[in-house]
Amino acid sequence: MNAKNLNILLWIAVTFWLVMSLNSLTTTNQIEARNLSYSQFLQELSDGSIREVTIQDQKVKGVRTDGSRFETYDPGDPGLVGDLLKNSVTIRAEPPEQPSVFMQLLAAWLPFLLLAGVWIWFMRRSSGGGTGGIFNFGKSRARQHAEGEVKVTLRDVAGVEEAKEEVGELVDFLRSPQKFSNLGGRIPRGVLMVGPPGTGKTLLARAIAGEARVPFFSISGSDFVEMFVGVGASRVRDLFEQAKKSAPCIIFIDEIDAVGRKRGAGLGGGHDEREQTLNQLLVEMDGFAGTEGIIVIAATNRADVLDPALLRPGRFDRQVVVGLPDLSGRAAILEVHMRKVPIAEDVDARTIARGTPGFSGADLANLVNEAALFAARAGHTDVSMEMFEKAKDKIMMGAERRSIVMSENEKKLTAYHEAGHAIVGRLVPEHDPVHKVSIIPRGRALGVTLFLPERDRYSMSKRQLESQISSLFGGRIAEEMIFGPEYVTTGASNDIERATDISRNMVTRFGLSDGMGPLAYAEDEGEVFLGRSVTQQRQISPETAQAIDKEVRTIIDRNYQRSRQLLDENLEKLHTMAEALLKYETITKEQIDDIMEGRPMREPEDDPGRPSAPTAGGGGAEKGAGSPKQPPIAIGGV
C-alpha cells in the first residue's frame with residue numbers, strides 16, 4: 001500500500017474518532033443501572049420495593065427503596081400507571097430522547113459529502129490524477145519531447161526512401177525557415193502519412209523531429225474524445241496553445257481517423273462530441289488564428305474515412321504514402337535491425353529479404369527478434385542463417401504444435417493433401433514457386449504448403465489468379481482421388497473459401513470474367529459508422545446476381561477440372577511426394593524438384609523447420625492471397 005492510500009486511511013480514522021468523541025461528550029453521564037425483566041418489575045412493585053420511576057417512550061427507569069437503580073421496558077401494559085399510583089410510586093415522564101446537534105448535522109450532510117468525494121475521485125482518475133486534478137480535465141494529454149530529446153534521425157529509417165524525400169523539406173524549413181519565406185514559399189502546414197500497419201509512419205515522424213531538433217508533441221487521436229461534451233475541443237485548443245509557445249515545433253497525431261472521420265454518418269449523425277473535436281481541429285489548423293512554425297503530422301491506416309475538409313490544401317497539404325518496402329528496402333531495414341544483435345558470417349540480409357516479400361518494417365523487426373530468441377534458446381553466441389530460417393518459418397507458417405498427436409491414417413491424408421497443393425501449384429502457369437511443404441502442425445494449421453514469389457509483385461494477371469484457384473483445389477482433389485469421395489475431410493474448407501473469394505472478386509471487382517465484362521458489381525461493404533451514409537451501397541438486380549453466381553461457378557469448375565487433370569497425369573509423383581512427407585515431415589524446393597523431374601530424391605539437409613523427433617499432423621492452411629502486393633502464400637486445409 002502506497003503512502004497516499006495510508007494518508008487517506010489515517011484521515012478517515014482520525015475523523016471517526018473525533019465524531020465518536022464529540023458524540024460521547026454530548027451524551028449525559030449516567031450511573032450504571034441494572035436491567036430488570038418486566039415480570040420482576042411487577043413483582044417488586046407489588047412488594048412495595050419501588051420508590052419512583054421515570055418513563056421515557058417505552059423505557060422505564062426507576063429507584064428502589066434501598067436506593068439501587070434499575071431499567072426495564074414497558075411492553076405496552078395499559079394498567080401500568082394505575083398499578084404505580086396504587087403502590088404510591090412517584091411517576092416522572094420525559095420527552096423522547098433526541099440525538100445530539102452534531103449527530104443531526106452529520107446525518108443531514110453525510111450523503112452530500114460522500115457524493116462530492118466520489119465525484120472528485122472520479123474526476124481525478126479521468127484527468128489522469130495529474131497536478132490540478134479536475135481543473136486539468138480539459139488539458140491536452142499530448143506528451144512533449146523537448147528539443148534534442150528525440151534521438152531518432154532519418155538515418156534510423158530505412159526502406160521508405162520516397163517518403164523520406166517528401167518529408168525532407170520539413171526538416172529544411174524547421175532548420176532555416178528564411179530560406180523559403182524569402183522567396184514567398186509556404187511550407188506545408190500538415191503532412192498526412194498513409195500506409196499499412198507497421199510500415200514506419202510513427203518512426204518517420206519521430207525522425208523528422210530528431211533531425212530538425214525542435215520540440216515534438218505526440219498524441220493519439222483517441223486521447224481527444226471523452227464521455228463529457230466539450231472536452232475534446234478544449235484539449236485541441238490547449239494542444240495548439242502549448243505548441244505556439246514552443247514554435248517552431250511538430251505536432252504528431254497518431255491514428256487520426258479516431259477523431260477525423262467524415263461528419264454526418266448515416267446512423268446517429270448529428271452534433272456529437274467527435275464532430276465538435278474535429279471542427280476545433282479544422283479551425284486550429286487553418287483558421288483566423290495563425291499557426292506559423294507549427295507543422296502537424298498525422299498518421300492513419302484509413303485515409304478513405306477521413307473528412308474531406310481535413311484533407312484539403314491549407315490543412316494537410318501533402319499525403320505521403322508509406323508503403324510496404326521492396327527488396328532493397330527490406331534489405332536496408334534488416335541491416336538497421338541487425339546492428340543490435342551479433343550476426344554470424346553466413347547471414348546475408350539480401351537473401352533474407354528475397355524470401356520475405358510483403359513483409360513490413362515491423363514484420364522484419366520481429367523476424368530479427370525471433371531469430372535472436374531462437375539463437376539464445378539454442379545457446380549460440382551469434383545469430384546464424386539457420387536461426388533466421390526458423391524465425392521465418394514461424395512467422396509465415398506459425399509456431400510448431402508438437403503436442404498434437406494424430407492417427408497414421410489422418411497423417412497420411414494430410415500428406416496427400418499437401419502434396420496435391422504442391423504438385424498443382426508447380427505445374428500451373430505463372431504460379432509462385434513452391435518453397436516448402438510440411439505436415440507439422442503449426443499455429444492453427446495442421447499442414448502447410450508455402451509458396452514464395454520470385455520478385456515483388458504489385459498486380460496480378462487473370463492467369464495468375466486462376467492458377468491460384470487451381471492450386472487451392474489440389475488438396476481436396478488429392479484426398480478424393482486417393483481415399484474416395486466418402487473420406488474427403490473438412491480440411492479443405494479454408495481452401496474453398498479462398499478460391500471462391502478470388503473467383504468472385506474476378507467477376508465483381510476486377511472485371512476479369514468473359515460473361516460479365518469489365519464492370520464493377522461489388523457492393524460497398526464499408527462500415528456505416530466510419531462516416532459513410534447507409535444509402536451509398538449499390539444495389540444489383542436479382543437477375544444480375546444470378547448471372548454473377550453462374551460466372552463464379554464457371555471459373556471454379558474450370559479450374560477444379562484442370563487441377564484434377566494435372567493430378568491424374570502425375571499420380572505416381574503424388575504418391576512419391578506423400579511418402580517423402582510421411583518420412584521426413586518437411587521437404588524443400590530442391591527435393592520437390594527432384595520428385596517432379598523424376599530424379600532420385602536427395603536426402604534433406606538439417607532443415608531448421610523439421611523437428612528432431614517425428615511429429616504427427618493434419619491438413620492445414622493459414623495465410624491469405626490476392627492482395628495487390630502479393631505476400632507469401634501458404635495453403636492447405638484447416
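Cβ coordinates come from backbone N, Cα and C, glycine included.
Remember, TrEMBL labels are computer predictions, not curated facts.
What TrEMBL records for the Zn(2+) site is His417, His421, and among Asp326, Asp495, Asp501, Asp514 the residue it adds there is Asp495. Minimal Cβ crowding within 10 Å, among the binding-site residues Thr199, Thr202, is found at Thr202. Look at the binding-site residues Gly195, Pro196, Pro197, Gly198, Gly200 and count other Cβ atoms within 10 Å of each Cβ; Pro197 has the fewest. Other than the site residues Gly195, Pro196, Pro197, Gly198, Thr199, Gly200, Lys201, Thr202, same-chain residues with C-beta atoms no more than 8 angstroms from the centre of those residues' C-beta atoms, the ATP site, are Ala299, Asn301, Val322, Ser360, Gly361, Ala362. Non-local neighbourhood of Lys201 (ATP binding site): Met193, Val194, Gly195, Asp254, Ala299, Val322, each in the same chain, at least six residues away, with C-beta under 8 Å from its C-beta.
DSSP gives Pro196 (ATP binding site) a coil state; it is part of no helix or strand.
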